[in-house]
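Since the structure comes first, as structure tokens, the remarks are kept for the end.
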Amino acid sequence: MTIMPPNPDLLSVRGLRVDFRSDAGATQAVKGVSFDIQKGETLALVGESGSGKSVTALSILQLLPYPMAHHPAGSIRFRDTELLGADERTLRQVRGNRIAMIFQEPMTSLNPLHSIERQINETLFLHKRLSTGAARTRTLELLRLVGLPDPEKRLTAYPHELSGGQRQRVMIAMALANEPDLLIADEPTTALDVTIQAQILALLKDLQSRFGMALLLITHDLGVVRKMADRVCVMNQGEIVEQAKVDDLFIRPRHAYTQKLLSAEPRGNPLNPPDDAAEVMAADRLKVYFPIKKGLLRRTVGHIKAVDGVDVAVRRGHTVGVVGESGSGKTTLGLALLRLHASEGAIRFDGTDIQGWAPKRLRGLRREMQIVFQDPYGSLSPRLSVGQIIGEGLGIHGIGDSKEREAMVARALEEVGLPPEARNRYPHEFSGGQRQRIAIARALVLKPKFVVLDEPTSALDMSVQAQIVDLLRDIQARHNLAYLFISHDLRVVRALSSHVMVMKDGKVVEQGPTQRIFEDPREEYTRALLAAALNLEAVESPAVRT
Amino acid sequence: MTPLTRRRLANFKANRRGFWSFWIFLVLFFVSLGAEFIANDKPLVIEYENHYYWPVFNAYPETTFGGEFETETDYRDPYVRDLINSKGWMVWPPIPYSYRTINYNLPVPAPAPPSADNWLGTDDQGRDVVARLIYGFRISVLFGLVLTAFSSVIGVAAGAVQGYFGGLTDLLFQRFIEIWQGLPTLFLLIILASVVTPTFWWLLGLLLLFSWTALVHVVRAEFLRARNLDYVRAAKALGAGDVTIMVRHVLPNAMVATLTFMPFILNGSITTLTALDFLGFGLPPGSPSLGELLAQGKANLQAPWLGLTAFFVLAIMLSLLIFIGEAVRDAFDPRKTIAQMSTAMPGEAAAATAARKEAAE
């Protein structure tokens, strides 16, 4: 073994390459990445999906699927230990002890069959060999540290009894159990609501300064980077294209890709249609209740009020933005308006009450009201070609003969910015953004009057989000469409909606013109939501959950 | 051909045992389809007085060849043979016995041991075992295929309705199936088989009564899962009817599970028919059947060629089908297919997917 010079940095990665082998040949996921992390500093790895940022982070702890993945070159040194190709024993001493990691999805990262106490104790037993009593004391201390309410009661709780934010706190407590020198956080807040995201970020920052640990933050969200990081590495296609201090990067981005990324935030203003345009879709006191059944006879003992007496009106050419946290009933409201979900209360489409219409009678109206879903991977039938997917509605409503239909499909594809030849290909051949364009074309080809957009940009990369928002606005202007735009991302809502409804627990908390809501929110909950979403500020308020 | 199909074919071929079993089975099946040309008591072609005759397709009275009877010619009769050979020639199939031809020239009492005449000997009525095997194999496989096809169609339809509509429909249907499956199938078949005279189609119907439930659960589960997917919702929003959605959007996904199960259902069908034949409640007496041959082997332990032949033919046929089933299962295994697909994907999306999967684990 050669004696290596002492490492001045906490972690130094040099020329790291990661290849994935398959029978079709090797794929280069990471192509020579170098960076250092000093003690106590926060380094952010930023990039879009597929840029290799997660693979880089996972290779630090050697957690990739070896031998399918391998490193043709590079070195990863933690203090004076070379981690690349280290034996299992060395790695086990580092993993969860000196370097800890938290993942994106707190639901799948915790074992659903173990209590919180058992999960946290495990790391303590493994690395510190504490007795049961001592471990319990330490676990309580950790849970208090991460701000979990009522830690004594939560010890025996199971992951499903906690909310997403609370689970992420438990994950952080597990990671901190052995006071690591480096914490790797892989998209720690992506799966959480904005208000909770702000709380978790504040917690991470607080803990970092208290323990003096270094933080490697992997994220696609530039807002999070600006709030948290000291230095930033921008990754694109397996390479670090720019490395800079966070202030420099945001003021003077040097690399073209960074500039593109920075300018990719959804911008622009909503259209300005006349206020007295005709109402296309409206509902009065709309209710969707799910019965809670108990006992032997399954009697209904109560209701979960997913949508609880909501009034909504969307005018021609207008966009009504519906914002709120997950579970606030936004999506259910959209589905109920389209009569895709049973509900109570009047639903007026073009002035006619369509509540209670039989599916057959409703079928004729279906072409005039359409929906675009959040997940472009789940909303396209995987076994139909793009042409079949888009043309399906035309066939159902008997519009045109096969030749005319083909021309209409081609025109719809062109309208959403895809080549007409795309109609002979299958959905899996397209990227997320292109698939979302296909989903929009499917809705558009029927020439609807009203479209529900259910988080159409949430599953997409930032730069693609901006393009989709521009596309949606163009289409609206061209066809004078009415949109119900459901989103938790307030920046996107601001760029598209003329009117905003804030929902919480099935009720509308506040509604009004977009500008008024953003500049002068009247309700405490709206203020908390805005602060969290736009400035990533955690707000201590009874209106916000933990 | 989509890349997915290509991938699946490659996976199927990668299972060497299953791939070869598939070809061997296919060859055996097609050979047995032409059983009349391989084992028959009529010549394939006769040239008599410059006329060609095709006894396999047409029945000719003995008078055609200068005989005395108006009935159909018995070509095995040495007198008739001499008549034909004197004024022409004839070509015999490789095995000059049909499944019901009784060999009256046996040197020993039936069952006769294997000899140059009867390659695997004769059964206890003097019928050639090889000929009966070829016809028996054909009828077993055909019966199995038809039964599998019908039970799959009914099972998929029933499962689709249950899974798609869910709720009360699903609940009632499931309880019904549970009760139905609780019935003692074999006894019912035996009772029913003694009420009607069992023919091929009667037996098929009776077995179908109980075999259609095999696929219901798998298909139901697929439909239950898919009915809440976004693309089904999107189709509803387009105004598509329930039948359209079921056939066009959900069924293609349920087909994977169905196809995976099919070879095993085929195996089960063949075994059931053999069991009934063995017990004497199956195909009408005299039909060539593997189960009947097994029963003869049991009744004539002094003639081991009967039992052994039936055993080996059944064992080989069922093993071939199981191997094919394994290969089909490999071909449709999403873990195999998707893993290879994603590593073959260009760019790093694949790497990210793999890493995310790892992280999730």
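Glycine residues also receive a Cβ, built from the backbone N, Cα and C atoms like all the rest.
Where the annotation comes from TrEMBL, it is an automatic prediction and has not been curated.
These numbers come from a predicted model, not from an experiment.
Database features, via TrEMBL:
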type     : residues  : note
TRANSMEM : B:20-39   : transmembrane segment
DOMAIN   : B:137-329 : domain 'ABC transmembrane type-1'
TRANSMEM : B:141-165 : transmembrane segment
TRANSMEM : B:177-195 : transmembrane segment
TRANSMEM : B:201-219 : transmembrane segment
TRANSMEM : B:256-283 : transmembrane segment
TRANSMEM : B:303-325 : transmembrane segment
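Remark: the transmembrane segment (B:256-283) makes no contact with the transmembrane segment (B:20-39), by the rule of 3 or more CB pairs under 8 A. Take the transmembrane segment (B:201-219) and the stretches B:20-39, B:141-165, B:177-195: counting Cβ pairs under 8 Å, B:141-165 has the most. Listed as Cβ neighbours of the transmembrane segment (B:20-39) (distance under 8 Å, sequence separation of 6 or more from its ends, same chain) are residues 56, 93-95, 97-99, 128, 130-131, 134-135, 137-138, 141, 317, 319-321, 323-324, 327. Sequence-distant contacts of the transmembrane segment (B:141-165), counting only residues of its own chain at least 6 positions beyond either end whose CB sits under 8 Å from a CB of the stretch, comprise 29, 32, 173-174, 200, 203-204, 207-208, 211-224, 226-227, 242, 245-246, 250-251, 254, 258, 262, 265-267, 269-270, 273, 317.
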